[in-house]
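**Student:** Take a look at what Swiss-Prot says about it:
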- Arg8, Arg9, Glu10, Tyr11, Lys66, Tyr123, Arg127, Ser131, Arg191, Leu192, His193: substrate binding site (BINDING)
- 61-66, 76-77, 82-83, Gln105, 140-141, Trp185, Arg195: FMN binding site (BINDING)
Amino acid sequence: MTDLSDIRREYAKGGLRRADLPQNPMDLFELWMTQARDAELSDPTAMCVATVDEHGQPFQRIVLLKRFDDTGFVFFTNLGSRKAQQIAANNKVSLHFPWHPLERQVSVLGEAQALSTAEVLKYFMTRPKDSQIAAWVSQQSSKLSARQVLEGKFFEMKAKFAKGDVPLPSFWGGYLVRPSSIEFWQGGEHRLHDRFIYARHDAEWEIDRLAP
């Protein structure tokens, strides 16, 4: 077994106090996202999306956040993917944003709701053409005999859609994750980290400090 117990560091970038918190957690999330982008972090919109299968086995993968507002967090994916199939059976999910250089993380619990075709199409048309074509190529989560199969399919579809717009695949969609709770974590000295959780009760958010 590889021993990693000596790998540690102190957290000293500042704390998080109750007086710092807005009543709406999305306002704090927007501030932290802006600061993550301003700090030029690598992939600040990357989030871990966790789902479970019919046996309760959890699965995680990194997905890019594409939009957020007071209603929740939006991402897009292949509807034949493992995550989409698991969401169809159980739409309870969690999201995690790891902003390590800022000594921050945000954890979200909520339910995923499928977006309308109009909403998906609006985003799909903003993607680079090669990315649109790639959406047609991959049967996400299916087994491949070799990478060449995937690349061959890509060039085949690229020739097919050489002229004009790339249509939206019927098997490509998106989700809005409506949060029921959002936790903000800020690293603190001596491992006395600051954690605050917002829990939704009807239309209001209740705020509590959690022990680190």
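Start at 1 and count along the chain as shown; that gives each residue its number.
Every residue, even glycine, has its Cβ placed from backbone N, Cα and C.
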**Student:** Among Arg8, Arg9, Glu10, Tyr11, Lys66, Tyr123, Arg127, Ser131, Arg191, Leu192, His193, the annotated substrate contacts, find the widest CA pair distance and round it to a whole Å.
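**Tutor:** So the maximum pairwise Cα distance among the substrate binders is 44 Å.
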**Student:** Ranking the binding-site residues Arg61, Lys66, Arg191, Arg195 by other Cβ atoms within 10 Å, which is at the bottom?
**Tutor:** Arg191
**Student:** For Arg191 (substrate binding site), which DSSP three-state class applies?
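**Tutor:** Note: Arg191 (substrate binding site) is helical by DSSP.
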**Student:** List the same-chain residues at least 6 positions away in sequence whose Cβ sits under 8 Å from the Cβ of Phe76 (FMN binding site), in sequence order, or say none.
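**Tutor:** Counting only residues 6 or more apart in sequence, the Cβ neighbours of Phe76 (FMN binding site) under 8 Å are Lys66, Val120, Tyr123, Phe124, Trp172, Gly173, Gly174, Tyr175.
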**Student:** By the DSSP assignment reduced to helix, strand and coil, which category contains Arg82 (FMN binding site)?
**Tutor:** helix
**Student:** When the Cα of Leu65 (FMN binding site) is compared with the Cα of each of the binding-site residues Arg8, Glu10, Arg127, Arg191, His193, which one is closest?
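**Tutor:** Nearest by Cα distance to Leu65 (FMN binding site): Arg127.
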